[in-house]
Amino acid sequence: MKTRRITNLLAAAVLAVASGASLAQAKEPIRIGMVTSQSGGFTAQGEDSLRGMQFAVDEANASGGVAGRRIEVQIGDDESTPEGGRRVAEKFARSGYNLLVGPIASSISLALGQNLQRWDALYVSTLSKSDRITGDSCNMRMFQANHSDAMDLAIVQPWLKDNAKEKRFAILANDYIWGRDSAESFTKAAQKLGKEVELSVFAPIGTKDFAPYIAQLKNSGAEAVWVALVGRDLIAFAKQAAEFGLTTSKRIIGHAYIMSFVVKATDSATDGVWGVLNYAPEIDTPRNKALVAAWRKKFGRDPSENEVAGYSGIQVIVQGVEKADSVKPTAVASALSGATLDTVWGPAVMRAEDHQLVKPNYVGRVKRVGGELRPVIETAFEASIATPAPTTCKL
Amino acid sequence: MSATLTAPALDGAQVKRASRLPRLLSLTSVAVAVGLAVSMLVESNTVMSLLTQAVIYAVFALGLGFLLKQNGMVSFGHALFFGLSGYLVGVGASLTGSVGTVVVLTIAGIGFFAFALALVIVRVPGIAFGMLTLAIGQSFYVLVSKSRGVTGGADGMSIEFPPRVFGLEIGAFQDPASMFLISWLALVALVLALSLLLGTRFGPLTEAIRENEERVRFIGFRTLLPRAVVFAISAMVTAVGGALSALYTGFVSPESLHWSVSGTVLIMVVLGGSRTLWGPAVGAVVYYLFRDYVGEHTTHWMGIFGVSLIAVIVLWPAGIAGGVMHAVERIKRGSGRHA
Amino acid sequence: MIGLQILNGLVYGSLLMIVASGLVLIYGLRRVVNFAHGSLFMLGAYIAYAAAQQFGFWVGLVAAVSVLAAVGFCLDRFGFRLLQDRDPLTVMLVTFGLLLVFEDVVQSVWGKQSYSLAAPESLAGTVELFGSPFPVYRLVIVAAGLAVAAALVGWLRHSRVGLFIRGASTDPVTTAMQGVNTDRLSGGVVAVGAALAGLAGVVSGPFLSLSPTMGSDILIDSFVVVVIGGLGSFAGAFVAAMILGQVQALGAVYLPDLAALLPFALMTAVLVWRPSGLSGSRT
Amino acid sequence: MTMTYALEAKGLSVRYGGVTANDGVSMRIAPGEIRGLIGPNGAGKSTFIDALSGRRATAAGSVHLAGRDITALGVVERRLLGLSRSFQRTSIFPGMRIGAQMELAASKIPDADADEVMRELGLDRFADRHANEIGYGDQRRLDIALALVGRPSVLLLDEPMAGLSIEESMKLARHLRELARHWGVSVLLVEHDMEVVFGISDSITVLETGKLLAEGAPAEIRAHPKVREAYLGSAA
């Protein structure tokens, strides 16, 4: 009796698999290699973006695939290092999963970009921000779906001009290339508007106790502080800034600060912090509304910016395959170059000159919405302001 | 009897050395043949690229293992020589077209640098030495991450190689199948060279220093110089690994200098066994294959690896190589008894 | 301003001292360089977090310290004791393996995101110090550090166990020959060492964030402290922790460009000057 | 008449950590002489050997080897000039083959013959064994063998008989006599076994709390009232 039931079940399963297979056989599946950080310094962001990518894939497969193609994925851990990312990506690409997406650190994205030709692969960057991805390291097979650093900084000056009464600023940034660049750009933007930067302090990456820096910031005459810190440092700073009352005495404006994982990891410490915001659920486009509704149905909450970044990366690949009607990386790449894509930010052009996705950007603030603390958009900047012109890239 | 007694010590040593050479050479040719066979028989590019990585790290592990074997010292900073080598090759390649010269100069330069460094630091005993190398390595990691300009800071540096390197097309270094062979031959050559070196008085001398440094001075040898030389050779072998890695990937990043890389390679060394020269290399290959296999099936590879590492260390104190040697000896003894 | 910075250095120094004294205890008695110490620190923080969610900070603190003491006891009983004849490198790598296992366990139970452990209500808020509000909780950390130091000194100076520990730290062979049962002693001592790591984890919770990598972050700083102090020396570790705290706090202000290098530079300088650390002999 | 002593210490003082371990000790050892050095525990015998061999820095005084001032020389130079020593805690190379370590010890000294020394000390049959595989008595002899390679002119022995059986001790004692007679090796012997010391020494020096207490032929020392009081009285 029991045996027969199992046999029936098996038969049904075989049938289901067979019919799925016959569908997939119609066209070659889309094979995506998701290379993301499951260990090391970027683990938390990696988990978020992976959830977003997986959601996009499930959504597409549930609706019968993309133009008759199913999506198949491989998921690998880049250990938050370029070496690890390169190893996993090469393995995926060489075994046919040559549409790559996922890394967080820019160094990993750049290491992949270097090898795409050799592996016959294509890569869509979704969480890296380095300008070099669309600058001196750009190439035919690499696409930037994320907001680049240049984009984040491009809106600082227009925002300061119309929205900031403060005259004097201080800067706290991590002591490495990204933090220094951010500080430099902010200083330029402020000075152009006749404002002053009274103090710039740079904390080494991996700083645990920010008290010495907070004391300097508090002691300065600045009315607001521009903060450019990464990951764990940022979380430690956020908590300690609140502890010392810095958050209430000066306006804090963050470069990559007001993100859901930071807000969640610091209780109410980020309440009232301002900053550049790449995504928020209230963005008013049909695609975003649909995403937020579906996400709420599945997870009972709004998607975070990292989750949406992952989601959008898969969207770019999927639309590239649709337009090319091929899964060959070269075909997908030429279809994507210059194409207008349907994104959660509305229609957006994948700029042919440097493969930067041209999209709007926002400044927001952490607020309580329905009892829950989250970043909320305060000012939106349209794509023409938010996306600076191509720089050194020659494609 | 009395005739042999007049100068027996030297004669004995020479006889031993003479009988070692043919055995070494035949082992070397077997190793070369194995490399050729693997590169021809393995068809999958995925497997090939994994093996290439493993062999490059085997060179790194060979260097670190040499230090442990001949000096008894644990370095948590050897990634410094690995990463620095990659950066020097990268910067050199951007300045001149003759990458072969750059690689040779890089390895020699790192040898001098390590030698000078060792003269200062080898006096520090035991685990504090390990921590000191960690501190020096991390300092360079921080410097390279922070620096702008040539090294590209935390974003890493892409290397533009000229079309030909060492008389070969650059493609040969970047294709897994041919690069596997190149790295394998480098590994075999280095093992052979180190074996020959250890066949001279340098071998027993450094071994004795490792065992009991003070006593070595009381039998009339200065110990600072040999220890510094071991450190320098170890750094140079590691630098060869770094140069191979840079050639293969065309990319260097500060992470390659991070202490966790040194830690990982140290695990390879102990896993493989540091009592033989080839043990660490075996450890590197096993580590890569293991991680690839486990990583494919579970996200808990770290925990599984931790448990396996503990098990291997506890069960086989002399590592995989030690276990193999032990088994071989038992078989030999067993068959000897029967014969 | 400088007074404030010295106070800041004192806070971080106290935290480091609590972690490092655990390391010193374990090294002193077992000659084990415990790489898993950072993960014990992390485990303490997570256990406190889990318990605090239900029962508040103080229960979390007690839970973390007791669980960690138990973990430490097991670590010695089923680990270090069985490995005591092995060479130090082997044992060190076993603790490295444990580090990987602990991190995996924490990730499996609590996931990969960061958490925040809130300071208890009674210790929240600030007091006016050097003309600027200073969090009360940070003063509590300094107090905790002093309390731990005093308790350790008292224990080591004035108890029989302490005498044995001091003996075993300086010369394990002789102590063993004098009939001290190192095995019986060390279960308790490693338990205390692990509990100190756990305590430091809990204490740091409210001003650092909880993440699966928090252990590795603190580990390097603690090693720097222990090595600068001279392995196995409590006095050395106390002094080194305070120096490192000051170097980081004052370095951040007066030598900002070198701040990241200062701990390593300090360690290199000390070891080149005195190869066995501050408390060690010169030979 | 001036005589060139094999080894001469002039007013040697050693201090560490506020303790004066040797306080102005002078001693002269003739070529081929066996000198016993005795004294209660903590008298500074091992420290004296450490100071002579260059292992420990001296605060005052000088050391002369065959008339040459070697006070400023290091351990290595002293060994190469012919001043050699053994250790109280056996100091060998545990993980190395005995033949290999003896050969290494021989390689720095011209005309040194490792095999002969091994034969003399009965170690030749262990040449292919690792040092940690042989018995404790054999390890003690290996320690001395390492010191003997190259026939040093002066041999400092720090309790060489400790841990040896009576039979082994007697054998070693005979061997030391032979070394002194046939090879002209001067021996400074620190030893707790009074029977051995008084049996083979040409003369004996007594140290107490770092200072020279008495010096003379075995019979004189045996009869010396202060020595009896300070040392022999309790021990013998």
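Heads up, the Cβ atoms here are built off N, Cα and C, so glycines get one too.
Note that the structure is a prediction, hence the values are computed from the model and not measured.
Database features (TrEMBL):
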TRANSMEM  C:6-25  transmembrane segment
TRANSMEM  C:32-49  transmembrane segment
TRANSMEM  C:55-76  transmembrane segment
TRANSMEM  C:88-110  transmembrane segment
TRANSMEM  C:136-156  transmembrane segment
TRANSMEM  C:185-203  transmembrane segment
TRANSMEM  C:223-245  transmembrane segment
TRANSMEM  C:252-273  transmembrane segment
Q: Could you name the stretch, out of C:88-110, C:136-156, C:185-203, C:223-245, C:252-273, with the greatest number of CB pairs under 8 A to the transmembrane segment (C:55-76)?
A: C:185-203
Q.
Let me check one thing: do the transmembrane segment (C:185-203) and the transmembrane segment (C:88-110) come into contact, meaning three or more Cβ pairs under 8 Å with sequence separation of at least 6?
A. no
**Q.** Which of C:32-49, C:88-110, C:136-156, C:223-245, C:252-273 contacts the transmembrane segment (C:6-25) most, counting Cβ pairs under 8 Å
**A.** C:223-245
**Q.** Residue numbers, six or more beyond the limits of the transmembrane segment (C:136-156), whose CB comes under 8 Å of its CB atoms
**A.** 7-8, 10-11, 13-15, 17-18, 21, 119, 123-127, 162-163, 165-166, 196, 199, 203, 206-207, 234, 238
Q. Which sequence positions outside the transmembrane segment (C:88-110), separated from its termini by at least 6 residues, show Cβ-Cβ distances below 8 Å to it?
A. 30-40, 42-43, 46, 49-50, 75, 79-80, 210, 212-213, 215-216
**Q.** For the transmembrane segment (C:32-49), distant same-chain residues with Cβ under 8 A (at least six beyond the ends)
**A.** 19, 22-23, 26, 57, 60-61, 63-65, 67-68, 71-72, 75, 80, 88, 91-92, 95-96, 98-99, 102-103, 106, 109-110, 115, 117, 193-194, 197-202, 204-205, 210, 212, 214-219, 222
